[in-house]
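Visitor: The structure under discussion is supplied below as C-alpha cells; questions concerning it will follow.
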4 protein chains.
Amino acid sequence: MAGNTFGHIFAVTSFGESHGPAIGCVVDGCPPGLALSAEDIQKDLDRRKPGTSRHVTQRQESDTVEILSGVFEGKTTGTSIALLIRNEDQRSRDYGNLVDTFRPGHADYTYWQKYGIRDYRGGGRASARETAVRVAAAAIARKWLNEKYGVVIRGYLSQLGPHELPFKSWDAVGQNPFFSADPDAVAKLEAFMDELRKAGDSVGAKITTIAEHVPVGWGAPVYAKLDSDLAAAMMSINAVKAVEVGSGFASVTQRGSEHGDELTPEGFLSNNAGGILGGISTGQDVVVTIGIKPTSSIRIPRKSIDKQGNPVMVETNGRHDPCVGIRATPIAEAMMALVLMDHALLHRAQNADVKTATPKLPGSASK
Amino acid sequence: MAGNTFGHIFAVTSFGESHGPAIGCVVDGCPPGLALSAEDIQKDLDRRKPGTSRHVTQRQESDTVEILSGVFEGKTTGTSIALLIRNEDQRSRDYGNLVDTFRPGHADYTYWQKYGIRDYRGGGRASARETAVRVAAAAIARKWLNEKYGVVIRGYLSQLGPHELPFKSWDAVGQNPFFSADPDAVAKLEAFMDELRKAGDSVGAKITTIAEHVPVGWGAPVYAKLDSDLAAAMMSINAVKAVEVGSGFASVTQRGSEHGDELTPEGFLSNNAGGILGGISTGQDVVVTIGIKPTSSIRIPRKSIDKQGNPVMVETNGRHDPCVGIRATPIAEAMMALVLMDHALLHRAQNADVKTATPKLPGSASK
Amino acid sequence: MAGNTFGHIFAVTSFGESHGPAIGCVVDGCPPGLALSAEDIQKDLDRRKPGTSRHVTQRQESDTVEILSGVFEGKTTGTSIALLIRNEDQRSRDYGNLVDTFRPGHADYTYWQKYGIRDYRGGGRASARETAVRVAAAAIARKWLNEKYGVVIRGYLSQLGPHELPFKSWDAVGQNPFFSADPDAVAKLEAFMDELRKAGDSVGAKITTIAEHVPVGWGAPVYAKLDSDLAAAMMSINAVKAVEVGSGFASVTQRGSEHGDELTPEGFLSNNAGGILGGISTGQDVVVTIGIKPTSSIRIPRKSIDKQGNPVMVETNGRHDPCVGIRATPIAEAMMALVLMDHALLHRAQNADVKTATPKLPGSASK
Amino acid sequence: MAGNTFGHIFAVTSFGESHGPAIGCVVDGCPPGLALSAEDIQKDLDRRKPGTSRHVTQRQESDTVEILSGVFEGKTTGTSIALLIRNEDQRSRDYGNLVDTFRPGHADYTYWQKYGIRDYRGGGRASARETAVRVAAAAIARKWLNEKYGVVIRGYLSQLGPHELPFKSWDAVGQNPFFSADPDAVAKLEAFMDELRKAGDSVGAKITTIAEHVPVGWGAPVYAKLDSDLAAAMMSINAVKAVEVGSGFASVTQRGSEHGDELTPEGFLSNNAGGILGGISTGQDVVVTIGIKPTSSIRIPRKSIDKQGNPVMVETNGRHDPCVGIRATPIAEAMMALVLMDHALLHRAQNADVKTATPKLPGSASK
C-alpha cells in the first residue's frame, strides 16, 4: 500500500493538501442500507472545525462536506462513498520564507528529502487539515456501529501541558473549548493558554478515548490485533508520539496480581486491559490514551537550515493552534471508530457462525 | 487481511501454536542475492530462547530453524522463504484445569468467545512462543538492512518493574540475562527477580529499541507513517500495552520551544522526534520504547469463571517467565527490523529516482 | 479489500455512479516529479468520450477532469492524486419501468439481491461510465511509463461481431470511430452498425491491446503474475467475458514445437507467449486480447421478472451503444497501463539491485 | 503484495521449489469449527498426483500433506493453517545443461533477468509442482463451501489438442486418466497421446470448471468482481494463456437478443453469463473455461541462447507431461474454490444483514 488508505475491509482512501483545491476521501466497504446524509457527517466535522475559540487556529473554514457517491435516496448502497470538502481559506499570503527553509519539528526536511518536491503552503499533505477527512469518514462508521451494536465512542482531553485533567463527566466535554471532562478546570486552562499564546510558545496534551458497548470478540490474533490496529491508527494522527491501551505504561510497575483483571459472573473486576486481551475485545470499555507533542509552529525563533544547507533562523507567524491537542479529541475518536468498524466487519466474515453457551460478561454487548 | 500477515511488501505470514507440531512463517518479498543460511537466523533465535537463566521460563526448546524454500546455493532467490521451527517440548501434562476456565489477563475468554474453540495448551496461538517466528523472519531483514544500508538495530531493558535502567553501554546488554544496558544494576535486578519468583508474582518492564543509520526518507504520509507502522508492530507483541516514539509521553509537558529539534549544518541538535517527522525518517536514530504488562500466569490464586459462567479460582503452576519483558528485547528489535525493511522497499518503489542537492544532515545515512 | 481499489502499490480507488453528482478516483503511489496537468489526462478521456459518432451512445458529457490534489506547480508530489469528473447529462427522465424490473444481461438482479438497494438510474455503479475514471487514472501511469521506460500502449478493435479486423496500421486506429486498425474495413463496419441499430439489437467485439518496450523482468511468480494481473484487470471491464495473452486459446491446438518461442542472439523468433513467461515480462510486446459481450440494453423486448418475482417484458429505449466494444479500446489500454505501472514499481522495490551480464534480447528494453 | 499470497480475506501464502526440501502454504482466514483432517486434503492431492498413468510425468511423489497448525482436536480453530508437503523425488541428476541455458517457453530467461539468480532444478519456483499447494489449500475451502452452502465444484477436460470433448457425464470424469467427461473419447485420446509421446512433442488443452449452488450475491463491483478474481486465479496457473467466463469469446458474434439471459419466475432461460452479472454471482452455475499451452519441455531440439548470449540448441529429456493440461483439472477446480471462498467471506462481512423480499431464482441457492 502506498500509504493513503486506512483499513482492510472498511477502507478509507484520503487525499488533499492544506492549500490545494480540496480534501476528501473514498470510503469503501460500508454495508448497504445505512441511512446517511451530509448532515450526519457535518455535525462531527463541526466539532473539529478551526476558529471556534480564541485558543485554536483562527483559520476560517466552513468544512462543508459533499457526498459524491455511494448514497441513494438517503441510504448507503454498498458501493464506495466519496466525500469532498473544498478548501476555502487558501489565504494568498507570502510563503517566501518557507519555500527554502525547513521548520523544526515539521515534516519539511523529511518530505523534501523523500520526494524532492514539496507543497510548502501550510504544510501541504503533512498538514493536520487532512484529519478533517478522517472525522468525516469516521462519522459513517460511528453511525453504523451505533445503530448496529450500540457502540458509543467518546474522548476527552486528559492532560494539557502540566495540567492533568481527570474524568468527571461526559456532559462537561461538549461545554468547553478544550474537550475537558472536568468543568472546574476550564478557567485554569484558559489562563494557561492565554499565557502560552502571549509567550509565543506551545505545549503538548493527552487525549483519552473510550468505546463503550463493543461486543466481545472483535480483533484478530498476532498481527491484526485490535490494539495493534488502534496503535497504528492513533500514531498516524499528526503530532502523536505515544499510545497506551488500558493501564499502558502504568502496567510496567504493576504486579501481575494487580494488573490481571479478575473475572466474576457479575463481570470483570477491573479494566487494566483497556478492553482488549490477546488482541481481541473483552466486551469491556476499550480505552486508549495518546500523547501529543507541542505545536511545532511557534513565534519563538529557532535554528534551522535552508535547502542549500545554510543555517537560518525560523519563526512562524501564522494562524496556528498553540496546542494541537485541543482539537484532537474528535480525531482520536474518529480513528478509534475506523478501527472498530473494520474489525466489526472482519469479525462477521470469519466468525459469523460462532456461538458459545458461555455467558457474555456484563459489559460484553451481545453480538 | 485475516491477521497473520505482517508487512506490505516485505510480508511475513506466521503460523503455529505453542503445543502444536511446529511454528514458522513464510517471508515474501526478500530481494534476491542476499547470502543467507540457517545459522544467520539461528543466532538471533538463540538470543530469544527460553531456559537460558533462572529468571525466565525453564521450557526447553532448541528452537532450531529450517529453511524450506527461497534460498538456493546459499543465496535468496527472490521467491518466498519458508522457515520452520519444530516444537520439541510439548510436555504431555494435565491441562484439565485450563480446559474449562479462563485465566485472568490471558486471551482465554476472548478466544473462546470469538472462535468457539480454543487450543488451551500453553495458550495455543496466543502464546508468546509465536514471537520466535518474528525473530527468525526479522533476522533476514536485519541482515539485508545492514548489508545494504548499514542499519544497526539494538534494544535494551530500560525499566524492570520499579527499577529504571538508564542506558550505559551496548556492550553490557549481551552480558546479562536481562538485556540491561547498565551492568551495575544486574545484581539488584537478580535480587528483585528472586524475590518476585518467591512471591509467585510477576512484574512489567520497558524496552527501548534504537535503529541507527536509517537513511532520511523512509516512511510515507498519512496512514503508512513509519511511526504508525512501528506502533502497530510493537503493540502486536504479546503483553505490550504502550508505545512511545522519541520523547513519547514526555512531549506532553514539553514546550514547543524545547521539543522541536533544531537543525544545523552539523546536524540536528536533539532527537525528541525519535528520528521521525511527518511519518518519515529524519536520518537520526529511530527510537521506540514499549511498556510491557506483568506476566498473567502467576502462582497467586485469582478469581475467574469457567465456560459455564460459574466462579472459580485459578492459579498457574507452570514454567512461566515472571517478567515476560526480560525476553522481549530481541522481539522488539525484530519488529522494528520488519517495519524498516518494508519501508526500505516501499521507498525504492516510489522514490528510487529522487535526488536533491540538499545535504543529508549528519546522522542521515545516504540512500 | 472492498472492491473499489485496483493495484497493489500504484493503487486506484474509484467512486461514482452513472447519474450521481460525480465520478472520480484517488491515485496513490505515483512517483514524485512527474509533470502532470489536467490536459494530459483530458486527451485520453476525450478518446473514450461518448457522443463522438452515430455508432455510440449520444449521451452528452464533456467529461472534464479536475485534479484536486497531489500535483504542485505542475508536478506530482508523491502524495495521493484525486481526480474528479462531474456528471453533467443526468437527464431527469422517467426511470419508472426500471425501478422494479431487472434487465436481462445487466447487474440489476445481482445488485438487488446482494445489496437490497440499487441506484437504478443508468445502471448506477455498474454503469460503464465508471470506466472514464480508469482512463483518467491510467493517463498518469501511461505518461510515467513512457517517460521513464519508453513504454507505448495501444489497442485496436480486432473483431466486430462476425467481422474479423486484422491489424494493418496504428495510424488507421485514430482515424475512424471504431478504433479499427484496418482502414479498408470502415465502410463495412458502418453499414453493419447501421443495420444493427435499425434492428434494435447489439453485438460483441474483440479488442487487442499491445504494450511495446516493456523491459524484461516485470511481474512476479505464482499469484502476482503479470498475466494474472492483466487478466483480472481486463475481466474487470464491464461486459468483458474472455481474456487471452499472446496466442491464447489458439495455444490449445498448437504443438509445443510450434508454440514455444525460440530464442536467438538476435531476439525471440516468435511471440506466442504474448511477452510473458512464468508471469514475468520477456521484453517482447505484451499482447492481450479481450472478448466483449453484446450490449445488454436493446430495443427488442425480452422476458424478465420484477422485484416481486412476477414475469414482465423489458425493452430499453435509451441512449445506448449498440456495441459497447467500440468505445472499449481506450479502456483496455488503460487497464494494461495500470497493471504495468504497478509492476514497474513493485519490480523496483524488490529487484532494484539486480544486474546480469546476460544481454537483454532485442525487444527487451533496458531497465 | 510480493506475489506469493492469493486472496483477500481467505488468503493462501505459498512457498517451495520443485527440488527444494518442501512445498507448502499458510491458509489464513478459515472460519473456526470446520472438521478437518489430513485425509480431507490428501484425497484432493491424490487426484492431481503425478505418475498415475503413462500419459503424465512419471515423477514419483506421494505428496503427503502434514497439517502443522490451525487445527485442534479435529477442528479448525480460526487461526492460520500451515500445510507442509515434503519433496521426495529430488532425483540427483545432472542439470549441467540447464544451468547456463534458457529453455524456450519456460520462465528461465525471465527469472534470470529479473532475479539474477535461478534455481534451475526442475524449474524451481516456476515449476507446476507449486500447484499441489493450491490443491491442498483449496481442499479446505471446498469442504467449507460445501458444508455451509452446498457448493460443488467440478471440472473436466473439454479439449485436448484438436479434439473437442463435449460434456457427457460427471461420472465419466473420474474414470479415465484425462478427466474427460466423454467416456467414448478415451480410446481416441490414448492413441493421440501415444503418438504425441512418440513424436517427442506436446499439445495444449482446455479445461472447463463449474461451480454449482453458488448463492446469488457473491462478488463485488468494479475491481473485485467475481469474474475478475476468477480470471486472475485461472491465469495464475502455470501454462494457462486464456480464460473465458460463460460464453466467453463466443459472445463476440452473439447478438444481444441472444446473449442476454432472460429471467422468468422459473429461473434464467440460459446461462451465457456463466453465472456472473456485474461481477456478482446470479445463483446459476459459475462456468469458467481455460486454455492451456502445450508443455514447453519437449524432446525436439529447439533454438535458444545461454547466459552469455551465445546460440545453443536445447532438448529436454526428462519426466514431463506431454500435455500439462491433463493434470490441470484439479488445479482449476482449486483456484475456483479459493476465489469463491474468499468472496463468500467478503460477502458476509459487508452484506450479512441484507434481506430482500424478491425470490431467489431457481438455481439461486439461498444464503
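In case you wondered, yes, glycine gets a Cβ from its N, Cα and C as well.
Here's the feature list from TrEMBL:
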type: BINDING; residues: A:Arg48, A:Arg54; note: NADP(+) binding site
type: BINDING; residues: A:Arg125, A:Ala126, A:Ser127, A:Asn238, A:Ala239, A:Gly278, A:Lys293, A:Pro294, A:Thr295, A:Ser296, A:Ser297, A:Arg319; note: FMN binding site
Visitor: Check each of A:Arg48, A:Arg54, A:Ser127, A:Ala239, A:Lys293, A:Ser297 (the binding-site residues) against chain D and write down, in sequence order, those whose C-beta lies under 8 A from a C-beta there; write 'none' if there are none.
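Guide: Listed binding-site residues passing the 8 Å Cβ cut to D: none.
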Visitor: If proximity means a C-beta under 8 angstroms from chain C, which of A:Arg48, A:Arg125, A:Ser127, A:Ala239, A:Lys293, A:Ser297 count? These are the binding-site residues.
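Guide: Sorted by position along the sequence, the hits are A:Arg125.
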Visitor: When C-beta separations to chain B are restricted to under 8 angstroms, which of the binding-site residues A:Arg48, A:Arg54, A:Arg125, A:Ser127, A:Lys293, A:Thr295 qualify?
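Guide: Only A:Arg125, A:Lys293, A:Thr295 pass the 8 Å Cβ test.
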Visitor: If you count the other Cβ atoms within 10 Å of each Cβ, which of the binding-site residues A:Ser127, A:Thr295, A:Ser297 comes out on top?
Guide: A:Thr295
Visitor: Name the residues of the same chain, 6+ apart in sequence, whose Cβ is under 8 Å from the Cβ of A:Ala239 (FMN binding site)?
Guide: A:Ala128, A:Ile292, A:Lys293, A:Thr295, A:Ser296, A:Val324, A:Gly325, A:Ala328
Visitor: Just give me the nearest neighbour of A:Arg54 (NADP(+) binding site) among the binding-site residues A:Arg125, A:Ser127, A:Ser297, Cα to Cα.
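Guide: The answer is A:Ser297.
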Visitor: For the C-alpha pair, I'd like the distance in angstrom between A:Arg48 (NADP(+) binding site) and A:Ser127 (FMN binding site), rounded off.
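Guide: Cα-Cα distance, A:Arg48 (NADP(+) binding site) to A:Ser127 (FMN binding site): 14 Å.
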Visitor: How many neighbouring Cβ atoms, not counting its own, are there within 10 Å of the Cβ of A:Arg54 (NADP(+) binding site)?
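Guide: So the number of other Cβ atoms within 10 Å of A:Arg54 (NADP(+) binding site) is 11.
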Visitor: Only counting partners 6 or more residues apart, tell me which same-chain residues put their Cβ under 8 Å from the Cβ of A:Arg125 (FMN binding site).
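Guide: Within the chain, A:Arg125 (FMN binding site) has Cβ neighbours under 8 Å at A:Gly16, A:Glu17, A:Ser18, A:Tyr111, A:Asp119.
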Visitor: Out of A:Arg48, A:Lys293, which of these binding-site residues shows the lowest number of other CB atoms within 10 Å of its CB?
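Guide: Looking at the binding-site residues A:Arg48, A:Lys293, the Cβ with the fewest others within 10 Å is that of A:Arg48.
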